[in-house]
Every structure is written in structure tokens, then in C-alpha cells.
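According to TrEMBL, the record shows the following:
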- 25-141: domain 'MTTase N-terminal' (DOMAIN)
- C34, C70, C104: [4Fe-4S] cluster 1 binding site (BINDING)
- 165-411: domain 'Radical SAM core' (DOMAIN)
- C179, C183, C186: [4Fe-4S] cluster 2 binding site (BINDING)
- 414-477: domain 'TRAM' (DOMAIN)
Amino acid sequence: MQEKYIDETKQGEAFAIAEKPQNSKKLFLESYGCQMNFSDSEIVASILNEQGYNTTLLPEEADLILLNTCSIREKAEQTVRMRLSQFKNLKKEKPNLTVGVLGCMAERLKTKFLEEEHLVDLVVGPDAYRDLPNLLKETEGGRDAINVILSKEETYADISPVRLGGNGVTAFVTITRGCDNMCTFCVVPFTRGRERSRDPHSIIEECKELWTNGYKEITLLGQNVDSYLWFGGGAKKDFKKATEIQQLTAINFAQLMEMVAVAVPEMRIRFSTSNPHDMSTEVFKVMAKYDNICKYVHLPVQSGSDRMLEKMNRQHTRAEYLALINKAKELIPEVSFSQDMIIGFCGETEEDHQLTLSLMREVEYDYGYMFAYSERPGTPAEKKMEDDIPADVKQRRLAEVIALQGELSRKRMQGYVGRNHEILIEGTSKKNPNQWKGRNSQNAVCVFDKLEGQKLGDIVTVFVHGNTQGTLLGETV
Ligand code: SAH
Ligand code: F3S
């Protein structure tokens, strides 16, 4: 489940599951950052499962330690560096231990990791996981190994992910990789490469298999899902070079989501993340048409000021964004929204900041993920703009944005009180073992007393009688 506010200082999460009994080697695999990394780790676990590795939660007993890393903000990278230094002593005690870095930091830092951080033996970028068996042969021979080649085709479509650390109820299904948008602050286009879409048939197969295995909710995942376009494979940039037939029969995100909604009619469907620039009304219409598609859109905007949106190269204005929000509200009764905001981007004035606050009031987001701007090496903003907002100003503005989101969340949660909601039981409440936790269609978390006969994965009708800032309090009807 998504955290309310992303806490980058949080340790990464490691998962272990029962795998092949004949496997003798142990893999400790820890993921940092976005949902895509967690989803990629399931691919990595699947590949290594075939190579004799089962996962473990204890780094001390591992033969192979892999960190799937995040570069999105400086703090995220610092967290990983600290974690790596913890493995230094372990490596001294166990000379045969292999330590590897996967994901965005591997891609961004490449050989620097091997040269500067002598604790790492293996560096693998997000498009090179199929090469892991070969790379591990290198490290077993005592050599460092690296593959950070980005691909225009790789979607890991045929690899059935090993579901890590899940509740057996909700799962991610990756549908696109990479991003072509080039927002000026963002490192993702550099670390994850060109945008490409996965074969819809493999997506549908995966969704059906999940349903057969008892899963009740899937999240279609990509850096920019609304940009999904299947025309037989390859980078989206090459669409113009595709044949006429390929272009005419191409499948977009709205069509894909409809195919999924029909193929697994009782499965709850969510999607993340949407970029307002690529979002179409067609998607909202499909959301409205199918009961099993959740009425929730994560629609990052980053700023409420046109001046900032332009500098960020978001390719839409405040008015266009609000028009999109209003269209969704008109087509989908009860729709809810969440945001991502970047506070203190290059040249942000007090007036720009006020525009962000006023936009938030206008939309009334249920949730938000809010970050102080962190300059990333190699991005257009780093090359061409000055990171000129003092840290204390960024922090003050960030605090104001977070406080306002708190107010809005509380208000939105209050709006859910006094009526029934369909809640998917996803687990036991952290605070009270006698209570379930789950979410309604709008993605609001709800806790309620467990009743006899209820179990994980059930969808139950809950009357909501109260709320806190971020949680609904209810009882089963
Ligand atoms: N397409 C993905 C983007 C992933 S980055 C998505 O929309 O979720 C996730 C969020 O991190 C972005 O929306 C943005 O709010 C934030 N972010 C990206 N680069 C950042 C930077 N340099 N500093 C601070 N926050 C950043
Ligand atoms: Fe980053 Fe913008 Fe793509 S935020 S992931 S470049 S849509």
C-alpha cells in the first residue's frame, strides 16, 4: 500500500517468500523508491529463483545482497550509500559475499560505483536484469561485473514475477517502462531510458493469472501510464516509423484498461502514475463505465503556477490541469485525486507558492506526496537553471503545503463519513490486531472491527462513522 507521505529516510524494504526447496543459495534483496522498483525486484527475484537463489530477510545469511536503488532525490541516494557502508563489515567477515546495486543509481553512476565504492561487486541498470545470470558468473570468478545498457524494447513481458512481501490480495502489473517526457527536474528519463509499452496480451494473461491465484486488486504501473501505446513493440518514439497497419491497430491506455476490466471483471483495477499532459478524457469515460475500475486518479501537478510549470517543461497550464480535473469530476461522480508537488523549484517566488496553495484548495486532493526540490546532476534544470531557493525557504513553504494537504485530507475524509463503502480487506490494522484495514474505491484507508467469517481479500460493506486526518473509521454492515 502507498505511504501517505513518502519518507525517504525510511529503510528500504526487504522481502522473503517460500520458493524452490532445491535452491541452496540465499538472496537478500532490498528495494528503495517508487513502486516500479518494487515491481522490478519481483522480476529480479524471479530470474534469480531460476539460478538457485531463494530470498532471505537476513543480510547476515545471504550469499548475494542486492539493493534496488532510487535516484529521484539526493536524500534517496544518501540512504542507499549509508546502507552500503553497513555491508562493509559483513563483506570482511564473508569474503564470498557478493554485493550489487540495481536500478536508477546503478544507471546514473555506472562504473563510478565500482571505482569509488569499493564495497560493490556488481552494477546492473533497470533494463539489464536478464543478464544477471551471466554477470553473477563474472563475480563468482572474482571479477566485478556491470551492465547498464538501456533498451528500447525490454519490457520483461514473458517473465512471471515472484510476488514479494505482498498480502496475496493486491499486486502491481507493469505496463510501460521508461519516460520520454523530460520534465526539467527529473532524472528518470536518464536512468530508465526511452518509453516503451508491454504487449497487452501478456498484461491480460498476468492479470488473469493473478485472479486465479486469489488476487483481488491490481495496479497497472508505469512512469507515465496514460502514454501507453502498443503497436507491436519498440520505443514509443518510433511509432511514426511503424507500418500503417501497426499504427491503425495500435492500442492506447484507455483501450488497454477496458480490455483488463473486461478480462478480469471482478478484479479491482487501479493505475499509476498519470501525467496530466498525456491524460485523455477517454480514460475517464472507461473509468466511469466499469464498476471494477477504482474512482481514484493520482495526478501529479508539481506546481500551481504557470511560470513554474513552463520552467519544469510539464507541457500544460494550470487552467488546462483544472479543466482536466473538472472533466473527471463531471464524468466520474465521487472521483478522488492525489498529487505530487515540488516545492522551491528554481526561481519560485512567494506568488508562485501561493498559486500552488490555491490550486490545492481548488482541487481538494485526498492525499499528497510533497517534496522540496532536489537538484539532480545531468538534468536540464541542473544544466540551465539555478537552484536558488534557500533551504530554509523551501522547508517553510513545504511545511505550509503539507499543513494545507493535512487540512484538505481531513475534510475529504469527513466527506466519506455517514455512509456505506465497499472495502477490500488488505490486512490487519497496525494499531489494533482485532481490526482490519482496507481501502475504498477512492483509495481512502478504512479500519473496522474484525467479524467472524471475514477474511483477507473479502470485499465488505462498511458503514463509516468517523475519521482522522488520513483514515476512515467504520463497522461492517
Ligand atoms: N512519472 C512519475 C514520476 C516519478 S518521480 C510520477 O509522476 O510519479 C515521482 C515524483 O517525484 C514526481 O512527481 C515529483 O513530484 C518528484 N520529483 C521528481 N524529481 C524531483 C526532484 N529533482 N526533486 C524533488 N522531487 C522530485
Ligand atoms: Fe519524470 Fe516527468 Fe517522466 S516527472 S518520470 S520526466 S513525466
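For all residues, glycine too, the Cβ spot is worked out from N, Cα and C.
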Could you tell me the mean pLDDT the prediction assigns to the domain 'Radical SAM core' (165-411)?
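Summarising the domain 'Radical SAM core' (165-411) by its mean pLDDT gives 97.
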Restricting to the same chain and to sequence separations of six or more, state which residues have a Cβ under 8 Å from that of C70 ([4Fe-4S] cluster 1 binding site).
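The list for C70 ([4Fe-4S] cluster 1 binding site) reads Y32, G33, C34, N37, A76, E77, V80, G103, C104, M105, given in order along the sequence.
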Near ligand 1, which of the binding-site residues show up if the criterion is a Cβ under 6 Å from one of its atoms? Options: C104, C183, C186.
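The ones that qualify, in sequence order, are C186.
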With the Cβ atom as the reference point and anything under 6 Å counting, tell me which of the binding-site residues (C34, C70, C104) are near ligand 2.
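Among the binding-site residues listed, not one has its Cβ under 6 Å from ligand 2.
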Fewest neighbouring Cβ atoms within 10 Å: which of the binding-site residues C34, C104, C179?
C34
Counting only residues 6+ away in sequence within the same chain, which have a CB under 8 Å from the CB of C183 ([4Fe-4S] cluster 2 binding site)?
Q302, M312, N313, R314
I'd like the number of other C-beta atoms within 10 A of the C-beta of C186 ([4Fe-4S] cluster 2 binding site), please.
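By my count, 22.
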